[in-house]
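K.L.:
Next up is a structure, given as structure tokens.
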Amino acid sequence: MAATASTEQRSEGRAGSFSSSSSDTATHVGSSTVLARLGDEEKLTPPEDLEIHELEQYGDHLSNSEDDALLMEKDQDEPPKPPQPPPEPKKSSFWSSLIWMTVNTLATIGIVFTNKAIFTDPSLKLAQLSFASFHFLVTYLTLFTISRPRFAFFVPRRAAIKDILPLSIAMSLNVILPNLSLAFSSVTFYQLARILLTPTVALMNYILYRATLPRLAILSLIPACVGVGMVSYYDSLPTSNTNIKTTSSLGVIFAFLGIFASSLYTVWIASYHRKLQMSSMQLLFNQAPLSAFMLLYVIPFVDTFPESWGGVSGSKWVLIGMSGLYASLINISQFFIIAQTGPVSSTVVGHVKTCTIVGLGWVTSGRGAGDKGVGGVVVALGGIIAYSIVMLKEKKKGGK
């Protein structure tokens, strides 16, 4: 899947919904730099490298300091002017947000089924590193385009290769292993297995940082895990009906390896936000080209290519092009979703995508409504939706 498609499905723990921790800033009047403090590390960040909201904060601090200096020079007898109310933030258009959420949903659904169709070709099934490198290149070109001054969606920043290399390796595994799972699994199992990202990330955060979840959230993750286990069992059972698409043992192994890699990548993303003081777009802008270039050294030893590229049908090339287009749309739309919608909207969009992909995958797999695996689907989806409701309520309480 695209670099962001495996990560953007849930705002609370996915790679397409990264959240960076805020850091304290101290501004010096007349200086061209802002001292950004993060833990025990300090570094100077030019204002032009800050995000838009940070620049606004920087401008506010500078303006307030200048106003204080001017007021000191004024006649003390002059009555001070009443404080002006702060300007209301610009409200995003409802229709604009709806359009981008629709684009993101359709592109995510499209890329899953398009990639599945590509991997049904035996000559392309084992060229996973080449496919991932292609997606990384498309991701980089998309981010490069939208970072240009004409669009200015974000301000690009560079990081040293040694700093970004571990994250780029994790990013490559985060894409390659889930794609291998999709190649050897049914779409239903592939999508439901991704639900395990949430409990795995929670477990990693507890082990590494002793971060805990509310009791109700933990309890709601239990049926989610049980439901995925039920689907794993019933979907991997052999069947005499050749029309029913099943999941192989390799598909299950790749799925769980992919969950571990994706969870590690998700946890690392948060720490790299703090370490490098970069947004998700800025991090991805550095990771994508490095991951694509790095894979070029491994592709000749791992990938199995078609005996003749001319033997690949024209329809497969069209699907490969569509997959790259979907990856671009996901990256662009995710930017607007993060910028314009709140956590509730992002969570709802994630669940809509999951339920739609699972439903379409079930229909196209040839299984009926009476299949025993449908119980696992309902239990897993119910558990992860309940978890999201609990976490949203907790976040609302914490904001009061």
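Any Cβ shown, glycine's included, is placed from N, Cα and C.
Got these off TrEMBL a minute ago, pasting:
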type: COMPBIAS; residues: 14-32; note: compositional bias 'Low complexity'
type: COMPBIAS; residues: 38-58; note: compositional bias 'Basic and acidic residues'
type: REGION; residues: 1-58; note: region 'Disordered'
type: REGION; residues: 73-92; note: region 'Disordered'
type: TRANSMEM; residues: 94-114; note: transmembrane segment
type: TRANSMEM; residues: 126-147; note: transmembrane segment
type: TRANSMEM; residues: 159-177; note: transmembrane segment
type: TRANSMEM; residues: 189-209; note: transmembrane segment
type: TRANSMEM; residues: 216-234; note: transmembrane segment
type: TRANSMEM; residues: 249-271; note: transmembrane segment
type: TRANSMEM; residues: 283-302; note: transmembrane segment
type: TRANSMEM; residues: 317-337; note: transmembrane segment
type: TRANSMEM; residues: 344-362; note: transmembrane segment
type: TRANSMEM; residues: 374-392; note: transmembrane segment
K.L.:
Which one of these stretches, 94-114, 126-147, 216-234, 283-302, 317-337, has the most C-beta pairs shorter than 8 Å to the transmembrane segment (374-392)?
P.N.:
216-234
K.L.:
Under a Cβ pair cut-off of under 8 Å, which of the recorded stretches 126-147, 159-177, 216-234 contacts the transmembrane segment (283-302) most often?
P.N.:
126-147
K.L.:
For the transmembrane segment (94-114), give me same-chain residues lying six or more residues beyond its boundaries with a C-beta closer than 8 angstroms to one of its C-beta atoms, as numbers and ranges.
P.N.:
1-2, 5, 8-9, 182, 187, 190-191, 319, 322-323, 326-327, 329-330, 333-334, 336-337, 340-341, 345, 349, 352-353, 356-357, 360, 364
K.L.:
As a test: from 126-147, 159-177, 189-209, 249-271, 344-362, pick the stretch that has the greatest number of Cβ pairs under 8 Å with the transmembrane segment (317-337).
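P.N.:
Out of the listed stretches, 126-147 contacts the transmembrane segment (317-337) most.
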K.L.:
Counting CB pairs under 8 Å, which listed stretch among 126-147, 189-209, 216-234, 249-271, 344-362 touches the transmembrane segment (159-177) the most?
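P.N.:
Checked against 126-147, 189-209, 216-234, 249-271, 344-362; highest Cβ contact count belongs to 249-271.
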K.L.:
Under an 8 Å Cβ to Cβ limit, what residues of the same chain, 6 or more beyond the ends of the transmembrane segment (126-147), are close to it?
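P.N.:
Sequence-remote neighbours of the transmembrane segment (126-147) are 1-4, 118, 153-156, 172, 175-176, 179-180, 183, 281, 284-285, 288-289, 291-292, 295-296, 298-299, 302-306, 320, 323-324, 327-328, 331-332, 335.
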